[in-house]
Amino acid sequence: GDLTTNLRRCLNTFDLTMIGVGHMIGAGIFVTTGEVMRNLAGPSTVISYLVSGLAALLSALCYAEFGSRYPKAGSAYTYAYVGCGELWAFIIGWNIVLEHVLSAAAVGRTFGGYLDELVGFAVRRWTVEHVRPWPWNTIDIPLASNHTSHEICVDGDASLSGERSLIAYYPDLIALIIIMLAAVFVGLGSRSAANFNSVFSAANLMVISCVVGYGITFADFGNWNNFFPCGVNGVLRGASKCFFAYVGFDGLATAGEEATNPTKQIPRATYYSMAIVTTCYALMAGTLSLMRPYNLLPDTAVYSRVFADLGAPTWVSTAIAIGAMLGIMTSMIGSLFSLPRAVYAMADDGVIFGWWAKVNSWTKTPLNATITFTILAAIIAMSFELDALVDFLSIGTILAYTIVAAALIMLRYRPHPDQFNPDVMDQGGRIREGLPILSDLFRKVKPGYTILYTVLVMIIAFTGIGVLISTSYFTQPFGIILMVFFVVLSIACVLFLEAHQQNSMDLDYKVFLVPYLPSLSLLVNILMMTQLTMMTWIRLFVWMGIGLAIYLIYGMSHSKEEVRWREEREKKAARKLRGEENHWRVSDISMGDVSNNEHNKDAWTEQNGHVSKNGGHLTEVRF
C-alpha cells in the first residue's frame, strides 16, 4: 500500500500492542463484565466472552490482512472504502465514530463510579447537593451502589430488571473532567499518548494478576450450579455486548499511518494483544462469577465492592479500585486515540467536513477532530446512564466488522494484474477448471459478480438462522424446515465461493482458509447482531439518519472520488469543446481567401502540427 502520510511514524510493535491491550482491558473487565453478568448471562458470561472472543479473533484476522494491504488510518472505514465503495465505507466509518465516542463516555462514567466508591460516595452527595439532579429526571437518586438480589430472566429469556433511566440521575462531572484530561495526552501527539498508555497498561496487567490470584481464594463453585440462567440466548446476548470489549484491535488499525512498519507490526500487535486480553477476560470473568452469586453483584465498581463485601482488607479493595481506574484510563486513552484518527480518515476523503482533517503543525495530530469529539464524548458521559451506553455500544462495531469480512471475501476473488505480466489480469473470481457444469454456466459472467451475489445470499441465510435462534422459532415444525433450508443454503454458498479461483496478489500477510474463516466471522457476527434489542436498532437508525444527511448534503459533493470524477468529466468536455472549436476555425479558414487569413492559418498550423495545404486552402486536419 501507499505509505505516504502527513502523520508522524513513531509507533513500534510494543506501542501498538499496549494500545490494543489498554483499550480492550479497561473496557471489557471494568465496564462490560459486571453489567453482562448481573443483567444478562450470569456465570455463563465466561462463555459469552469466549464467543465474542472468537468473533473478535476472526475479525482480527481479516483486519490483519487489510492492514497489510492498506496501511492507512481509518480502520474498517478505509477497508470498506476499498472493498465495497464510498457509501458502505461511510456507513461503517460513521458507526466506528459512534463506537469510539460511546466507549470513551462509558469508561468515563465507570471511572466516576470507582472513584465515588473509593471516597464513600462523597462525590455523588456533593454533586446532588450543589449541582442538582437533572430537572426532567424524576427517578429517586440512589445514594449507594445497588447490589440487592434480583432475577435476570423472564420465562427463560434474558431481560433487565427494575426501572432503568436513559438520562443519568445527576450530571457526572468526574466523567467529564477525566475525559478532558485524557484528551490532553492524546492531543500532545502519538508518542506522548503511547508512552502514557504503555505505562498504565503494564500497571493494569499487574493489578489484574493480583485480583485473579487473590480472588480465587474466595471461590465458591456452588455459584456455578445455575451456570446458564438464561440459556443459549442469554449467552449470545451477553456475547453481543461483550464484543464491545474487543474493540481495541480496531484502534490498532487506525494507527496504521503512525506505525514505523505497519504491514508487519499491525498483524503482530493484533495477535499479541488479542492473546493477552482474551486470557485476562476469561480469568477475570471466571473469578468474579465464583466469588459472588450473579444476582448479588453491585451495579457499579463491581470488583472493589465484591472484595469489600467478602471481608477482604480495606487496602485490597482500595488497590483494586485504583487499578480499575488505571485500566479505565488506558481504555479511555485508547478510545480517544482512535476516535480523531477515524474522523480524520473520513474528513480527509471529503465525506464529512474537511475542517476535521487538518493536522496540527506542532503535534502532528488531527487536533480539530480531537477537540470536537472529545467534547461530544464528555457531554454524553456526563448526561447518560451507564446501562444505556452499554446497550448501544456493540451494534455499530459488529456491523463494521461484518462488512470488513464480506469485503475481504470480495477482494480475494477480484481480478488482479498477473505478477509475471502486469498488462494481463489473472483468473481471480473465475470458476476453477475441472468443474464442467459450473464453468460452462458462468463462463461469460464478469469476474466478481457471482462473488458479490453469493455473499449477499449467504448474509441473508445467516440472518435467517440468527432470527430463528433469537426468537426460538426454530423449535416449531415450520421453524425446523426454515432452519434446515437456511443451513443448507449457507453451506451451498460457501462451497460455491470455494469453487472460484482467488487472485494472485502477493501480501506480507494473508488470512488462511478463505472463504471459510471470513464466512464463519460473518455467521458469528450476524448471530450476535440478531440478539440485540429493537430499541438498540432504532437508536442505530437515528444515528445513521444523521450521518446520511451529512453525507447527502455535504459528502457527496465534496468527497475526493466525486471531485476527481467531476474534474475528469470537465476535462473530457473541454477536450470535446476544443475539438469543435478547432473544427470551426479550420472551416472558417478554408472558406476564406488564404491571403487574408495567412497569419491565422500559420499560427494555427504551427500550434497543432497536423494541417496540410493544397492549392492555398486547408484541406486535411488529423486530430
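Each Cβ is built from the backbone N, Cα and C atoms, and glycine gets one as well.
Among the residue ranges 12-34, 104-126, 242-264, the one that TrEMBL annotates as transmembrane segment is 12-34. The stretch with the most CB contacts under 8 Å to the transmembrane segment (46-64), chosen from 167-188, 511-530, 536-554, is 511-530. If one looks beyond the transmembrane segment (76-97) by at least 6 residues along the same chain, the residues whose Cβ comes under 8 Å of a Cβ in the stretch are 63, 66, 69-70, 250, 253, 256, 339, 342-343, 345-346, 349, 351, 373, 395-397, 399-401, 403-404, 406-408, 410-411, 540, 543-544, 547-548, 551, 555, 559, 561. At the 8 Å Cβ cutoff, the transmembrane segment (369-386) and the transmembrane segment (167-188) share at least 3 close pairs (sequence separation 6 or more) and count as touching. Taking every recorded stretch in 167-188, 200-219, 392-411, 451-474, 511-530 and counting its Cβ pairs under 8 Å to the transmembrane segment (312-333), the highest total belongs to 200-219.
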